Ligand SMILES: [Zn+2]
């Protein structure tokens with residue numbers, strides 16, 4: 001960076017108590033600052049800059065590029081696409097705001113609010129992305145306030161457990177969805193949980209305190225894994241949307257075949273898959289198995 005010099009940075013011992021959450025990051029702390037000064041910190045080096053940009057850059061990439069691969073007009077339930085788009089954007093927005101303003105002069109109260117916002121964004125991608133338990137997740141998050149990394153992981157694990165039950169339902173029960181998307185969602189959750197664990201054990205900075213103050217520390221590794229997790233969510237959702245277009249309710253389900261309210265067309269699924277980079281042959285088999293709606 002180095003566009004301008006910035007204020008004199010602080011060591012760990014000199015920074016406010018509520019910002020001392022990683023004892024292996026020894027230097028590079030910003031002093032308390034006003035909102036404009038926090039924004040100004042986007043342009044000089046400090047130990048939160050990597051955290052800001054590892055989510056800030058993907059946010060703009062998702063904002064601009066995702067709409068091109070989301071099949072807005074291919075499904076009747078456009079709201080599914082809207083929810084998915086927002087779910088992909090929310091965690092990066094909350095995270096960037098948290099990391100930019102965490103040293104705000106408002107102190108611990110502002111910090112706790114921003115941390116809740118950060119966690120809320122991740123809860124949104126976990127819930128909007130795969131379930132309708134948004135309210136339950138938000139309640140859990142605000143009740144526990146997420147003051148520690150362990151509480152943060154607990155909130156995510158709770159959601160991951162819920163989604164795991166959905167996986168079991170889809171595999172062994174009468175749940176539905178693309179068979180291929182299941183694999184992608186498992187990878188998505190694995191990456192998210194693994195990132196949370198790395199953040200808790202504080203590796204690699206634990207082994208060489210001070211060496212990873214600005215770049216390469218556990219929180220930045222977690223950020224990258226969260227981004228990869230969102231990408232897998234996106235690919236999995238595209239698979240499911242493609243599957244929905246060819247799916248027909250079983251004849252013995254006692255419902256008309258249009259009960260899912262998804263448009264079915266002969267050519268659509270392969271187009272969707274081409275944008276998700278998925279296995280075309282697998283989709284071909286599903287298209288053959290599915291009976292076209294009349
Ligand atoms: Zn973060």
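Even glycines carry a Cβ here, placed using N, Cα and C.
What TrEMBL lists as Zn(2+) binding site is 99, 219, 223. Within the same chain, residues at least 6 positions away in sequence whose Cβ sits under 8 Å from that of residue 219 (Zn(2+) binding site) are 22, 51, 199.
Feature annotation from TrEMBL assigns compositional bias 'Low complexity' to 265-281.
For 260-294, the entry in TrEMBL reads region 'Disordered'.
According to TrEMBL, the transmembrane segment annotation covers 52-70 (among others). Remote same-chain partners of the transmembrane segment (52-70), defined as residues 6 or more beyond its termini with a Cβ less than 8 Å from a stretch Cβ, comprise 42, 81, 84-85, 88-89, 91-93, 95-96, 99-100, 220, 223-224, 226-227, 230, 234, 238, 275-276.
A Cβ distance under 8 Å defines the sequence-distant neighbours of the transmembrane segment (82-101), meaning residues of its chain 6+ beyond its ends; these are 35, 38-39, 41-42, 48, 51-52, 55-56, 58-59, 62-63, 66-67, 70, 110, 114-115, 117-122, 124-125, 127-129, 223, 226-227, 230, 233-234, 237. What TrEMBL records for 82-101 (among others) is transmembrane segment.
Residues or ranges marked as transmembrane segment in TrEMBL: 155-172 (among others).
Annotation source TrEMBL lists transmembrane segment at 184-201 (among others).
If you look up TrEMBL, you'll see 221-238 (among others) marked as transmembrane segment.
Around residue 99 (Zn(2+) binding site), the same-chain residues at least 6 positions away in sequence with a Cβ under 8 Å from its Cβ are 48, 51, 52, 55, 118. Annotated Zn(2+) site 99, 219, 223; additional same-chain residues within 8 Å of its Cβ mean position, judged by their own Cβ, are 48, 50, 51, 52, 54, 55, 95, 220, 222. The Cβ of residue 223 (Zn(2+) binding site) has 24 other Cβ atoms within 10 Å, all protein chains considered.
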